[in-house]
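Per Swiss-Prot, the features are as follows:
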{"type": "MOD_RES", "residues": "GLY2", "note": "N-acetylglycine"}
{"type": "BINDING", "residues": "CYS15, CYS18, HIS19, MET81", "note": "heme c binding site"}
Amino acid sequence: MGDIEKGKKIFVQKCSQCHTVEKGGKHKTGPNLNGLFGRKTGQAEGFSYTDANKNKGITWGEDTLMEYLENPKKYIPGTKMIFAGIKKKSERADLIAYLKDATSK
């Protein structure tokens, strides 16, 4: 898969203003991502999701994140996430490798 260290840099630059990853981390504009892998969309406790996100019904994993992170609004029309996406597959792979590591601690 990707490079965790490169993924961490991408997370800090593109994601950390809205998301946290650590266990017990606060929700910001976006939900805390701890425990993301294996969780269904719209399920982080205490975060107010759109119906579109709650009703998508997919389980987050490498494949679903690879598609979602390319174009979030295309993957979940109606999501609140204002991020345009990451076009480079290698950058998405790095970010996913980091998220897989950082959200499981």
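Sequential numbering from 1, following the chain as shown.
Positions of Cβ are set from backbone N, Cα and C atoms, glycine also.
Shown here: features listed in Swiss-Prot, placed on the structure.
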residue: GLY2; record: N-acetylglycine; CB count, 10 Å: 20
residue: CYS15; record: heme c binding site; CB count, 10 Å: 20
residue: CYS18; record: heme c binding site; CB count, 10 Å: 15
residue: HIS19; record: heme c binding site; CB count, 10 Å: 23
residue: MET81; record: heme c binding site; CB count, 10 Å: 19
Measuring Cα to Cα, how far is the residue listed as 'N-acetylglycine' from MET81 (heme c binding site) in Å?
23
Where does HIS19 (heme c binding site) sit by DSSP, helix, strand or coil?
coil
Starting from the heme c site formed by CYS15, CYS18, HIS19, MET81, give every other residue of that chain whose CB sits within 8 Å of the mean position of their CB atoms, in sequence order.
LYS14, SER16, GLN17, LYS28, THR29, GLY30, LEU33, PHE83
Which state, by DSSP, holds MET81 (heme c binding site): helix, strand or coil?
coil
Is the residue listed as 'N-acetylglycine' helix, strand or coil when read with DSSP?
coil
